[in-house]
Amino acid sequence: MANVSEVFRDYAESIEAEHEVREKVRDKLRVIETLARESSAMLQHVHQPSGFAKIADITAQAERHLVDQIRPALAELSSSVPASQFYRYYAMFNYTLMRLCHLCSLIHFLKEGQLLTRAATAQDWLQIGQSRADGFYLEVDDYLGGLIQTSNELARFAVNCVTNQDFERPVQICEFLSTLLAGFRLLNLKNDNLRKKFDSLKYDMKKVEEVVYDLSIRGLTKSPPTGALEDKGTSPNPSQGTPNAEGDDGPVKPQDG
Amino acid sequence: MASVEAIGKPNDSGSGGLAQKSGKSMDPCESGTEQTNRGRGNTWRCPDPGCKRENQKSDQACTQCSLPSQSAQQFKKGHRGGRNNRGSRGGRGGGGGGGHYSKFHSREPKTLPKGVDPNNPIIQQFQEHARILDEKNDKYERIVKLSRDITVESKRVIFLLHRITCEDDKPAVLGEAEIKLGDIRKRLWYYVASELVNEDPYKFLRAYTGGLQEYVEALSFYHYICYDELISWEKVQEELHFQRNAHRPKDEVKDPLDPKAAQARETIPTKEQTEDEDAGDSVSVAIQEEAHPEPKSDSSGGNTNLKGSTAKKSLQVLVPKTDFVLGLADLTGEVMRQAINFIGLGNTQACFDLMEFLHAMHDGFLDVGYRHDMRREMSRKINVLNHSLQKVENACYSINVRGSEFPSKTHLADLLLNSRESHVADPTGPMGDETDGPTDCDPYL
């Protein structure tokens with residue numbers, strides 16, 4: 001059966017070609033992964049008391065790292081993926097893209113206190129396309145996934161802010177997250193990954209609301225947050241707030257003394 | 001005269017005028033107000049076909065049949081919007097449902113939850129994200145539906161092909177199978193192809209891979225029985241390459257190919273409902289074109305995906321080679337089943353031929369299968385292939401063993417056939433061959 005072996009030879013060739021591309025993509029991806037991890041590690045310092053004082057420095061450093069190192073690496077990755085076959089290899093790099101989106105939006109929030117749009121993430125920060133016509137581009141799913149990672153990070157950051165005597169930032173984070181949550185509520189999510197992540201956003205919201213509640217009940221916030229206070233009355237009750245109060249003991253005492 | 005006139009006139013004008021006036025006030029006046037009212041939209045007509053009364057807008061319910069005005073309006077809306085479309089598209093399986101699905105979504109106004117500022121840029125941005133996600137999910141679902149239909153139809157073709165018991169069955173069954181496969185292409189793949197216009201096919205590959213594999217299985221089985229060889233990837237890909245008919249009205253041709261995806265999505269369903277037959281015709285023309293042996297240089301060009309956007313009038317469903325080979329792996333199962341069937345029918349030689357084919361396939365998979373990046377599906381299918389092969393090998397073994405034990409088996413068949421042929425051939429002449437046909441290969445039935 002000559003023709004059977006012909007068919008399989010043809011397939012073997014194509015699989016070989018695909019494998020080569022995959023190897024290439026994997027290599028580039030490894031570089032980006034390493035850089036992204038470095039960047040995350042840099043940003044971790046904002047949670048620590050030593051780093052908290054110089055958030056601006058840390059974000060500037062992380063941003064520089066992103067622009068100088070990650071961006072060129074990403075450009076290499078995008079050139080190794082055939083433009084018309086973005087989705088063929090998409091599963092390989094979508095988590096990395098998500099992570100990069102997360103880094104961008106986190107840095108942006110720490111700097112400006114605002115949400116980074118998808119257009120800005122793609123164009124200004126990562127310098128990749130926004131739609132299929134651009135070849136290598138940022139999918140909405142990845143962008144949204146990145147935002148949720150940011151919200152997880154911010155929920156933790158809100159607690160650490162209080163530990164580091166910053167009582168304003170949790171309120172800001174709370175407002176930010178509630179807008180984000182309102183935005184995500186507009187999406188008709190399927191029962192997929194994004195949906196699961198979205199659930200984690202709700203828990204982040206709750207956590208930050210509790211922090212703000214603890215702060216406001218002790219009169220530590222200068223001006224009560226407008227939107228957040230209304231939401232807050234519904235979900236956490238004082239008994240829920242108590243575990244967090246332990247963390248707040250620190251900031252309360254110095255005020256007394 | 002004058003006085004009479006004078007008297008008559010006022011009199012006339014008085015009485016006549018009055019009469020006229022009253023007359024006017026009785027009907028024309030009413031109809032006048034009705035008309036003006038209708039023109040201004042101050043009335044509503046009861047939608048009940050037995051009533052149809054014009055009511056004042058202020059009326060909460062129809063004055064004649066007391067149908068609430070609210071439900072009358074709902075009725076009107078439904079009548080204008082979805083219901084007609086759904087009715088006319090009812091006959092057309094999966095794709096029609098898909099069209100309705102998208103319509104449903106687009107018609108539904110996006111209501112913002114309470115307390116959300118619609119002017120907030122973040123919210124606006126998220127509305128845009130929601131639109132993109134919805135569009136993608138809808139398209140995905142539509143393709144999944146089509147794919148499921150393709151799977152079912154392909155299975156039917158395979159069952160049909162298994163009904164071949166002897167050479168004489170072949171033409172009829174193969175003809176039917178070809179028609180059915182053509183139907184699948186025209187009625188189902190064509191719509192998948194039009195969904196994939198200007199899209200990355202790999203994005204929706206997971207939606208149609210099931211249908212594709214089943215279709216490849218059916219097509220390759222058909223091809224194998226027809227030509228006694230394995231179908232090539234190029235052939236499968238070419239079969240799923242469609243051309244839109246050029247002589248259709250311009251907007252019909254243009255709209256679905258419009259680069260604006262949203263517009264294309266809207267126009268394809270309408271085209272389906274109005275021009276269903278027309279679309280079918282155009283595809284059949286395309287298929288006829290393909291039937292000519294002229295090779296299409298661009299379709300054999302391989303994995304170029306932007307075909308929809310570059311070539312103006314051609315559509316295609318991309319067949320990734322891996323999915324093609326997975327379909328072939330399914331084919332081996334069918335071949336095994338056919339081999340066993342043939343043993344049951346006493347056609348042992350065919351069984352050996354099929355075993356040879358399976359061996360060739362097995363070698364092919366051995367060569368290709370155990371490589372890097374192998375999908376889990378693939379290894380599972382190779383396992384199944386091994387089992388099928390073993391089964392056929394065992395069958396062939398026992399044919400030989402038993403065959404030596406009972407040499408009379410084949411001899412008996414031959415004897416039976418010969419005796420019958422000689423018996424029948426004389427009186428009926430040429431008809432004898434035909435009546436003998438079926439018994440020719442299953443003497444034990």
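Residue numbering: from 1, along the chain as shown.
Cβ from N, Cα, C; glycine included.
Listed in TrEMBL for this protein:
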type: BINDING; residues: B:GLU217, B:GLU334; note: Mg(2+) binding site
type: COMPBIAS; residues: B:58-74; note: compositional bias 'Polar residues'
type: COMPBIAS; residues: B:88-100; note: compositional bias 'Gly residues'
type: COMPBIAS; residues: B:247-258; note: compositional bias 'Basic and acidic residues'
type: DOMAIN; residues: B:40-71; note: domain 'RanBP2-type'
type: REGION; residues: B:1-119; note: region 'Disordered'
type: REGION; residues: B:247-281; note: region 'Disordered'
type: REGION; residues: B:423-445; note: region 'Disordered'
Counting other Cβ atoms within 10 Å, pick out the least crowded of the binding-site residues B:GLU217, B:GLU334.
B:GLU334
So, three-state DSSP: helix, strand or coil for B:GLU217 (Mg(2+) binding site)?
helix
Across the domain 'RanBP2-type' (B:40-71), what does the mean pLDDT come to, as a whole number?
68
According to DSSP, collapsed to three classes, what secondary structure does B:GLU334 (Mg(2+) binding site) have?
helix
